[in-house]
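The block underneath contains the structure these notes are about, expressed in structure tokens.
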Amino acid sequence: DFLCISLVNGFTQLRYNLGDRTIILQTLQKVHANGNTWHSLNAGRVGNEGYLNLDGINVTQKASSGMNALDTHTDFFVGGVSSLNLVNPMAIENEPTGFTGCIREIVINNRELNLTVTDPKGGANIGDCDGTNCGYAVCKNNGTCQVENSGFSCSCPREWTGTTCEQSIYCSQNTCGSHALCIPQPSSFSYTCACTLGWAGKYCNNKIKFYIAKFVGNSYIKYTDPFYGKRDLQYSRLSLNFTTNQTEGLIAWMGKSEHEDNDFLAIGLANGTLKVVINLGERISVPLMHSKYFTCSDGRWHFITVVQNQTCIKVYLDEELILFEDIDPQRKYTALNYGGICYFGGFEIGRKVNIVTTGLFQKEFFGKIKDVVLFQDSKKIQLMKAEGYNIHDGNSGN
């Protein structure tokens with residue numbers, strides 16, 4: 001199997017083979033080979049139906065029945081390969097040669113690759129593309145870059161400032177402490193301070209300790225499981241105590257949440273009802289709703305345990321078994337590959353819960369969480385040792 005984008009006689013070609021035949025798409029127009037015109041290219045496939053779009057002009061290949069999965073286990077190459085005899089002869093029209101030119105802003109499955117010296121796995125004979133200090137995306141937030149004798153300068157939109165337009169004008173005079181992040185509030189022409197874990201107060205100058213974590217809506221904790229490499233991922237378990245008076249909110253998310261293919265186990269509230277969602281692979285997320293009682297938003301402490309035994313899911317609320325379901329009797333995927341990451345209350349600042357969870361949960365958690373235990377560990381996890389922002393001490397009344 002392969003998927004290859006190449007230049008052929010001035011035209012752009014997409015070729016792919018999913019195991020039964022090679023499909024070829026070619027753009028209708030040639031590219032400019034003058035060395036100073038940028039082209040925008042979108043290419044890919046949905047099942048075995050391919051598409052190729054050069055500067056907004058689209059070519060598609062209607063699918064006929066056949067293979068529809070791309071099974072490749074090689075590295076991803078850009079501009080050339082380590083040895084040209086590795087290239088499948090069906091992947092290109094003529095003899096394979098490396099690309100000469102500039103490539104920038106590569107996005108694969110909605111994730112942008114960092115085309116830096118250190119991020120790729122390897123490479124050879126690569127230089128800075130335009131030869132100037134402006135390069136690609138030097139100026140942030142839609143700033144415009146100008147090359148100057150001393151380097152470059154950025155012309156910034158109205159609400160941004162700094163040498164690379166990286167700072168909001170509302171944060172330029174902020175008095176947040178060193179343990180804080182300034183969050184601009186354009187609607188009120190001001191800012192708020194987001195405090196790192198273990199700090200609180202308006203300017204994040206008060207050191208705190210907590211055993212009960214209080215979440216105030218723009219809060220989150222990201223915990224990295226030090227024992228992830230030793231876990232048996234076919235038998236996962238998460239338990240915790242929570243209290244809230246809100247009817248919506250994400251309580252916990254076991255999973256990397258980097259893109260929608262990642263496995264996850266999620267616990268939250270929807271319409272005051274406990275909602276558990278599991279995804280063991282292929283984005284097949286199965287929401288399990290408990291609607292017998294509407295008692296989870298009553299301001300009392302509730303104890304929840306979710307147990308995953310391959311594809312069998314058990315959910316206990318206040319030590320009563322409330323859900324028991326086999327989400328895939330075929331046993332196609334049986335392990336929760338959560339990447340050793342657990343989020344509580346929400347995600348990183350700027351990542352909205354309803355967007356990251358694709359609508360499974362509507363908002364961040366307001367309330368308190370304590371006594372979090374992973375798998376069958378004898379000790380509770382120490383939330384203070386994780387990373388996060390805007391967590392208050394749930395023991396006190398603040």
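Backbone N, Cα and C atoms are what each Cβ position is placed from, and that goes for glycine too.
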Disulphide bridge to Cys165 as given by TrEMBL, partner from Cys156, Cys171: Cys156
Of the candidates Cys102, Cys145, Cys154, Cys171, the one sharing a disulfide with Cys129 in TrEMBL: Cys102
TrEMBL annotation, disulfide partner among Cys182, Cys204 for Cys195: Cys204
Disulfide-linked residue for Cys176, taking TrEMBL as the record, within Cys154, Cys193: Cys193
Candidate with the highest Cβ count within 10 Å, taken from the disulfide-bonded residues Cys165, Cys176, Cys195, Cys204: Cys195
Long-range neighbours of the domain 'EGF-like' (130-166), counting only residues six or more past its ends (CB under 8 A): 102, 104-105, 115, 172, 184, 186
Disulfide-bonded residues near Cys195 (disulfide bond), in sequence order, restricted to Cys102, Cys156, Cys165 and a 10 Å Cα cut-off: none
Per-region confidence, the domain 'Laminin G' (1-129) (mean pLDDT, whole number): 84
